[in-house]
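Let me begin by presenting the structure, written as structure tokens, before commenting on it.
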Amino acid sequence: CLNLPLTPSLGVTEPRISCSGELELKTTLRELVVYLIFLITLCLVTFGMVSTNMYYLNEVMSRLFLERSSAEDHGIDFESIRNMADFWKFAEGPLLDGLSWDKWYGNTTSALQENTSHIYYENLLLGVAQVRQLKVRNNTCSIYPYFQNFTKDCYSTYHYIAEDKSDFGLKNGSEWKYTSARSLSPWYWGAAGFYSSGGFMFTLPKSKEESREKLEFLRQNGWLTRGTRVVFIDFSTYNANVNLFCIIRLVVEFPATGGAITSSRIYSVKLLRYISFYDYFLASCEIAFCLFIVTFIIQEMIEIKKLKMAYFRTVWNWLDLLLVAVSILAIGFNIYRTMAVSLLMEKLLSAENIYPDFYFLAFWQILYDNMIAVSVFFAFMKIFKYVSFNKTMTQLSSTLSRCAGNICGFAVMFFIIFFAYAQLGYLVFGPQVEDFSTFLNCMYAIF
């Protein structure tokens with residue numbers, strides 16, 4: 001292969017490619033093919049674990065427990081809870097109706113297994129539901145001297161130091177005695193606080209009538225107090241038709257301002273990953289993905305050793321490092337989640353009358369899903385690296401690199417003005433407008 005000059009007398013109009021240019025092109029194309037195989041493998045791993053059934057399951061559960069049509073019968077639904085009295089109406093009405101499905105339409109007895117509840121006749125309620133509250137102690141806030149004669153009690157907003165762990169009420173059960181966190185479930189970040197995993201808790205019996213009697217008993221004996229800051233309602237279901245777990249958490253916060261704030265978390269996750277032939281095919285793709293990442297790690301280490309500090313002067317190398325780092329985290333989360341499911345599944349399902357804490361497993365599944373999604377994003381961005389031999393893409397890359405300094409300067413000016421407007425909106429409209437009630441909401445509102 002020779003890089004010969006053009007011969008005008010022969011009418012040659014196309015340049016000849018030099019050996020180095022042809023070799024570089026072949027190397028780039030070979031790397032691109034290998035990378036496309038990696039990208040296809042990553043997409044199979046990522047999109048193979050999600051389905052529209054997850055959305056449908058979330059949707060039907062949301063309609064059942066958050067927007068229940070039978071609210072007309074009880075006068076309340078979850079999202080319309082405004083105080084403690086409303087909470088008890090919801091718990092004794094729509095909540096129990098949603099959890100108990102022992103009758104078919106027409107009030108005929110269900111043919112399903114006795115002593116079990118199948119929500120919508122398809123979703124098995126795992127164990128029983130758990131209700132948990134967190135409280136704060138009295139006199140945990142400062143009262144201005146002028147008002148000390150008028151206000152004897154003072155319950156602060158929730159924080160761990162002010163949490164009340166002393167027995168109260170009848171003092172004869174877990175609902176009246178503080179229970180420390182028995183699992184590794186993460187703390188919950190709500191609208192009015194960051195809540196721990198312990199608390200005063202009880203479970204609802206499988207019988208609808210027994211559950212209603214228990215709730216009435218607790219209501220009459222003052223289970224909710226002025227110090228109550230949040231109540232969690234947790235339960236989980238399993239749908240064998242689509243092999244999906246649905247982990248549901250209904251949260252009612254009672255802030256120090258009074259009133260109530262409702263929120264919810266509904267996660268449809270596939271914890272039992274390897275059942276069908278397609279699942280095992282995805283498992284082989286996961287192994288291939290891990291091998292690709294190991295190969296990339298070795299390649300990057302060789303390049304760092306060869307180029308030393310010059311390696312970090314290229315943007316594409318930083319993207320490679322980000323892709324490898326995020327992929328390693330995703331692999332780690334997946335391994336930990338798989339081991340946790342294998343170790344805890346039998347234990348969680350061993351007893352029918354206890355609450356199985358699947359929220360912990362769902363938390364790690366969601367972490368893995370988010371991390372692998374970020375990996376897909378970086379992986380697709382890296383495609384631009386391999387199409388740089390194209391003239392148009394080269395011009396685009398050159399243009400962006402030349403104006404990078406100006407873009408960074410503009411970004412600094414833009415965000416200075418952006419944050420200034422966000423602070424202005426928060427300070428002026430925060431007390432009146434929901435979209436400006438927090439600084440984060442302000443940034444979302446004006447973006």
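From the backbone N, Cα and C atoms, a Cβ is placed for every residue, glycine too.
Only one of CYS43, CYS154 is recorded by TrEMBL as the disulfide partner of CYS141: CYS154. Between the transmembrane segment (358-384) and the transmembrane segment (32-56), three or more CB pairs separated by 6 or more residues in sequence fall under 8 Å, so the two stretches touch. Each of the disulfide-bonded residues CYS141, CYS154 was ranked by the number of other C-beta atoms within 10 Å, and first place falls to CYS154.
Beyond the ends of the transmembrane segment (32-56), by six or more residues, the same chain brings 242, 244, 268-270, 273, 278, 282, 285-286, 288-289, 292, 369, 372-373, 375-376, 379-380, 382-383, 386-387 to within a C-beta distance below 8 angstroms of the stretch. Restricting the average to the domain 'Polycystin cation channel PKD1/PKD2' (274-447) gives a pLDDT of 88.
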